[in-house]
Structures are given as C-alpha cells and as structure tokens.
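Trainee: Copied straight from Swiss-Prot:
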ACT_SITE  CYS417  active site, nucleophile
BINDING   CYS80, CYS86, CYS89, CYS168  [4Fe-4S] cluster binding site
BINDING   GLN292, TYR321, ASP342, ASP390  S-adenosyl-L-methionine binding site
DOMAIN    9-67  domain 'TRAM'
Amino acid sequence: MIQKQHESKLEVGQTFPVTIKRLGINGEGVGYFKRQVVFIPGALPGEEVVAETTKIQRGFAEAKVKKVRKASPHRVKAPCPVYEECGGCQLQHLDYKEQLNQKRDIVVQAFEKYMKNSMEEKIRPTLGMENPWHYRNKSQLQVGRKDEKVITGLYKQNSHQLIDIAHCMIQHKATNEATKVVRRILEKLNVSIYNEKKQKGLVRTIVTRTAVQTGEVQVTLITTKEELPNKEQFIAEVQKQMPAVKSIMQNVNWRKTSVIFGDKTFKLAGKEVIQETLGDLSFELSARAFFQLNPEQTVVLYNEAKKAAALTGNEKIVDAYCGVGTIGLWLANDAAEVRGMDVIPEAIADARKNAKRHGFTNTKYEAGKAEQWLPKWVKEGWRPDVIVVDPPRTGCDDKLLETILKVKPKQVVYVSCNPSSLARDVQALMKSYEVEYVQPVDMFPHTAHVENVVKLTLK
C-alpha cells in the first residue's frame, strides 16, 4: 500500500492528463492529479490539458501546458506578441468578461478558506473597464543591447534574458511613446548602456510616467553614475521629439540590485513634478512619488470606498495606511474630520501638502502606526465613526485589528489589494462586525490582481 501511494506522486518531467478546476490567486490553472494539487500557468478552468511537471514542492506540483485537449470557450488569442515570455500579464488568453467572473471567483475562494459560512451571496460582480487596454500611467523598463541595437523591456522570469517590449499593450500610449523616443535618442547618441551580466555601462532603466488628465509626461533615466555624456543634446532631442515631456529627471543607482531607484534624484530639464488630477483633486508627481497606476479605475475604487463609508457630513474618519492622503482627501468634503497616519514620514509630509493645497482644514496627518495613535486620540476624547484601511499586500497588522475591535467604530471600510490577507483580516473583525458586502474592482486588467472594497458594520 505504501509503495502504491509513492508511485502516484508526480515526478519532474512527467507528462499527465489533468482537468482544470479553477484559477489560482496568481492566475494559474489549478487541477488535481491523483489527489495532488498542480498549478499550471496558462491553463483555464474547464480545460482538459496534457501537462508536464516542472517542479515538485511540498504539498503541490508546478507544471506547464504541453497540449490543450479541450479548450475553454473563453480562451482567446493573446494580442501581445511577447505575452508568454514577458510575464507582466497572466490572463490575456482569457476573454475579458470572463476575467471579471474569475476574479470574483478568486475572492470567493479566498473567503471560503477562512470562513465557516459561505460569503458568496455578499460578493458582488467585479467592476471592470470599458476599454481594458493601455491603462497603466507608469512604465519602468530595463535597457539593454541586442545585435548592437538599444532595446527596452523586462527580464524573462528567473533569467538574465531581456525581453524586448517595443509596445506594451497595458501601458498608456504616452508612456510607450516616451520610452520609444528615449531609446531611439540613446542609440543615436551612442550612450553607454548597462550590461547586467558584466555589470558595466551607464543607462540601466527608463522610467516614464504620464499624467493622464493633463497630458504631461515625465522621463527619468536611471544611471550607474552622475555623468551623462551628450547631456544637452539628449535633453534637446527629447524635448524636440516629444513636446509633452515636461520633466526630465535622472536617478543614480550604482548598486548591484534589482531595486530600480537609487538614493539620488535630480532634474535635468523642465519641472521637478508633473500635474495630475483625480476627480476634483490635483496631485504633483515627483519621479519617486507613489501614485495609483490606473487612474480611471482608482476613481471607481475610491467612489466605492466613499459609498461604503455612507457619510452624512458629521463623521470622524481615520484613514489608516493613508500614504499621500488620497483616500482620506476623497472623503474629506463629506466628513467632519479626517485623521490619517502612515509609517513613512515622507508620505505624511506629502499628505499634509496635498491637504493644504486643496484648502482642507478638517484633516490631520501623523507619522506612525494607527495602533499607536488611535488609543491616544480615544483617551483625549476623540473617537472615530469610520475607519478606512488600505494596507499593503500583507494585510493589516494584528495590533491594528485588535485596536479596531477595542475602539469599535460604527463602520470599517477595508480597501484591499490581496484577497487572501483580506479574508483573513475580515474573519478576525467578524468578532464584532458584520460584512455588508464585498465589492471586487479590476484595477489591473489581464493580470491576476483584484482589489476589493469591503463594508463592515458594527453588530
């Protein structure tokens, strides 16, 4: 019997038939072979495929599709020529309407893992985009040479091979154009290009960002040292070939690292920042400032957060993990007061600046953790009616969840970028809170990511 069990386990290189049951959290197909769970990128729910094992991990196996025996009716041809090599998108081969259904299903599965009772009826259909292409406002592409030509792209997963991306289908047309212009000029001026294997050369990365509403573009060159040969010519060419570029910056990163930005950033030409607007708010974006990557869907997400908060104008709001203050400022007009906190002091400085620029007098921002500030404010007699959390992928700190359960605001609005940590945290809050609904929002079409807004009300 022991022998038989051992034989049924998969081995690397083995081919086997499998039916795909669902999509995993990273967009891969999930199937079972002799009760062993197998993750297969590129396979879709309902498909029958022949797969080949690529890796055996503890408790699961990874495999690749060798042949699709029975294709999903929702399978489409990915329009991007480097889709399978690049790895930036995971779901271009799935019809967009079905992507939205599957993203909801990923959320349903995440909650099933943590909850005794089904949450399915509380999880709403995913809010998608009318045009799910060319939505990203920022591009960071590595620079290399191939057959003496300057290329820009991303490294193939787990390799040093740079995939040339001439036109990214999820990047805004202005960022694609700016990257193309810069790489053409670098080639024309014969500027030294960084070689990742030899770790020699000057220009490592081209970062381009567009302010979608104003049309302003910012270009940042990441280099290994400060000296930039033909600097004046480079600036003149960029400005001539693409007048929308209002800010040309340089950042120096000499470290052997995959982290893109180094510590030193300075202006080469134009302005330090570009102007972007989001609804009624305007923002100044410096080269390193955080800003949501899909402004169109950010408005949808923030409006959902506002709906969930159900404000009457009298509420005191806490914006935990506030960053540069975007969500809190989105709510401030409809609230009595917004208090935000973040552990990054620079973000708090930006939040204060943003609030001041918009003339808000009912906001207050502090550097530090919510679990430190909240008890202090409650002690001083200031108790929030609504707490909004928008944590990183890892979810809320346990201490913050404990603090929320002690402070007991009437509403908690949870904005999440990871269904798994969301479901775990919501389960912890259900000691005192009722889930009204979960609203998935598709911020990143053609990828496996899904954001959510959850409305929780005190029992």
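Using N, Cα and C of the backbone, Cβ positions are placed for all residues, glycine too.
Keep in mind that this is a model prediction, so the values were computed, not measured.
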Trainee: Let me check the 10 A CB neighbour count of CYS80 ([4Fe-4S] cluster binding site). How many other CB atoms are there?
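Mentor: CYS80 ([4Fe-4S] cluster binding site): 19 neighbouring Cβ atoms within 10 Å.
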Trainee: For CYS168 ([4Fe-4S] cluster binding site), which DSSP three-state class applies?
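Mentor: SS state of CYS168 ([4Fe-4S] cluster binding site) = coil.
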Trainee: Within 8 Å of the centroid of the Cβ atoms of GLN292, TYR321, ASP342, ASP390, which other residues of that chain place their own Cβ, given that this set defines the recorded S-adenosyl-L-methionine site?
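Mentor: Apart from the listed residues, the neighbours are ASP319, CYS322, GLY323, THR326, ILE327, PRO391, VAL415.
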Trainee: Relative to the mean position of the Cβ atoms of CYS80, CYS86, CYS89, CYS168, the recorded [4Fe-4S] cluster site, which additional same-chain residues have Cβ within 8 Å?
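Mentor: Once CYS80, CYS86, CYS89, CYS168 are set aside, the remaining close residues are VAL82, TYR83, GLY88, GLN92, ILE165, MET169, ILE170, HIS446.
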Trainee: Between ASP390 (S-adenosyl-L-methionine binding site) and the residue listed as 'active site, nucleophile', what is the CA-CA distance rounded to a whole number of Å?
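Mentor: Taking the Cα atoms only, ASP390 (S-adenosyl-L-methionine binding site) lies 8 Å from the residue listed as 'active site, nucleophile'.
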Trainee: Out of CYS80, CYS86, CYS89, CYS168, CYS417, point to the one nearest ASP342 (S-adenosyl-L-methionine binding site) in space (Cα versus Cα); all of them are recorded positions in the record.
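Mentor: Spatially nearest to ASP342 (S-adenosyl-L-methionine binding site) by Cα position is CYS417.
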Trainee: Roughly how many Å separate the Cα of CYS86 ([4Fe-4S] cluster binding site) from that of GLN292 (S-adenosyl-L-methionine binding site), to the nearest whole number?
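Mentor: Per the Cα atoms, CYS86 ([4Fe-4S] cluster binding site) and GLN292 (S-adenosyl-L-methionine binding site) stand 22 Å apart.
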Trainee: When you rank CYS80, CYS168, GLN292 by Cα distance to the residue listed as 'active site, nucleophile', which of the binding-site residues ends up on top as the closest?
Mentor: GLN292
Trainee: What is the Cβ neighbour count of TYR321 (S-adenosyl-L-methionine binding site) at a 10 Å cut-off, with all protein chains included?
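Mentor: Here the count is 22.
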Trainee: In which DSSP state, out of helix, strand and coil, do we find CYS86 ([4Fe-4S] cluster binding site)?
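Mentor: The residue in question, CYS86 ([4Fe-4S] cluster binding site), is helix (DSSP, three-state).
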Trainee: Looking only at the domain 'TRAM' (9-67), report the model's average pLDDT.
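Mentor: Here the predicted model's pLDDT, averaged over the domain 'TRAM' (9-67), is 95.
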Trainee: Can you tell me whether DSSP puts ASP342 (S-adenosyl-L-methionine binding site) in helix, strand or coil?
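Mentor: It is in a strand.
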